[in-house]
Amino acid sequence: MNIIVVGLSHKTAAVEIREKVAFSPTQMEKPLHALVSIPDITEGVIVSTCNRVEIYATTRDIAGGIARLKRFLADYHNFPLETLEPHLYSYHGEAATRHVFRVASSLDSMVVGEPQILGQIKTSYGYAAEYKSSGIILNRFLHKAFSVAKRVRTETKIASSAVSVAFAAVELAKKIFGDLSDKTVMLIGAGEMCELAAKHFINTGVRGVMVTNRTFERAVKLAEEFDGKAVNYEDLFDQLHKADIILSSTGAPHFIIKPKDIEDVIRRRKLKPMFFIDIAVPRDIDPKVNDIENIYLYTVDDLNGVVATNLEQRKKESEKAEAIVEQEIGQFFKWLSSLEVTPTIVALRSKFDEIRRAELAKTMANWKDLPPEGEKRLEALTNAIMNKLLHQPTSVLKRSDQGNRNDLYVDALRNLFDLETAPHEEMELGELEE
């Protein structure tokens, strides 16, 4: 069985493309069921964040499986595959494992070392477990990814100087305004990103924080944490003129802020500048808002310049983290190989022993005067011949350094000898790695 990955990220696609194929985090049951209904896709997990959309799956047909996942991603969102495909990447086998381990360890993030991606993958895995689209292989695979991320976090300093996208937004605000002590921040949304942004803005010393959310209780809860003010979502545009910096991160499927809304707001501010940071995918703010005088709009892609300065200081720690990833890849593949190999060896030996016993019984039936000692010797002889015949193929199968060749050997033996292997028991999900 092969692990395959198909996806796109901030490295391969602009936000205008990523938002077209994003999955709603609150509506994962339907796409997950559709995913594992694809022919020859046996398990599947969907990861959808502001910076990436990825599908992890298992299949016996690597090329066909990858092609089907690409088609699924395009068709599910009614997006032309020919437009989407140039932005997609795909991996299988060791490369797929390396990619996911690196993503979970935040080595592939826009901001290397940021902790949010691990939580996002855990949430995605939780949905797959809940809706039963993951099985023994992806369960073990993602638990391994979580443990790799934990090793990276505890054995390197990659996260000690890391900044999140939310912190990068604060740094960008400081570049625009300089001193933020007389600035008021409006957070639209009450999720993790907004909470992180609130912490960073408070630490920077802003004058105040306002929070609005479609669920007012969540806005109140977040505002109370930072001695801020909760605003009813219906009153957003009545209160927006009081904010100098607006950070938006909702799960809305459409623009919630449009040019006509802001034209009235900026007039009430007597054209005092406003700084909008849209880190939602799909985007919350119509890009045409940026055409309005004294309005400055930035998206997640614009944060690249802010975070680039952190790359060099993390380079050494990243190298340590990459070494950990490589160690763990070998361990995981040893397990994955044994998952296919052990039942095949058992079935092969059982098949040979069945034939040996049948032929030995025929011989015994026709050899009426064979003494008991002779029977024992024939039993030992046929056992020895069987073991000699099976020694070489068994030894080759047990080697853990063969990569995808093991799959070829396993499939060949199963087909040549018509082997039936016992199904594996499901791995207990247990607790996710902290």
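Backbone N, Cα and C define each Cβ position, glycine as well.
Residues or ranges marked as substrate binding site by Swiss-Prot on the basis of sequence analysis: Thr49, Cys50, Asn51, Arg52, Ser109, Glu114, Pro115, Gln116, Gln120. In the three-state DSSP classification, Pro115 (substrate binding site) falls within coil. Around the Cβ of Pro115 (substrate binding site), a 10 Å sphere holds 17 further Cβ atoms from the protein chains shown.
The Cβ neighbour count for Cys50 (active site, nucleophile), using a 10 Å radius over every protein chain in view, is 24. What Swiss-Prot records for Cys50 is active site, nucleophile.
In the three-state DSSP classification, His99 (site 'Important for activity') falls within a helix. Per Swiss-Prot, site 'Important for activity' is recorded for His99.
Look at Swiss-Prot and you will find Gly189, Ala190, Gly191, Glu192, Met193, Cys194 tagged as NADP(+) binding site, backed by sequence analysis.
Other Cβ atoms within 10 Å of the Cβ of Thr49 (substrate binding site) number 26 in total over all chains. Note: Asn51 (substrate binding site) has non-local neighbours Ser9, His10, Arg18, Ser109, Met110, Val165, Val281, Val300, i.e. same-chain residues 6+ apart with C-beta under 8 A of its own C-beta. Note: the substrate site is recorded as Thr49, Cys50, Asn51, Arg52, Ser109, Glu114, Pro115, Gln116, Gln120; in the same chain, Ser106, Met110, Ile117, Val165 also have Cβ atoms within 8 Å of that site's Cβ centroid.
Long-range Cβ contacts of His99 (site 'Important for activity') within its own chain (separation 6+, distance under 8 Å): Val5, Tyr91, Asp108. Secondary structure at Ser109 (substrate binding site), taken from DSSP and collapsed to helix, strand or coil, is coil.
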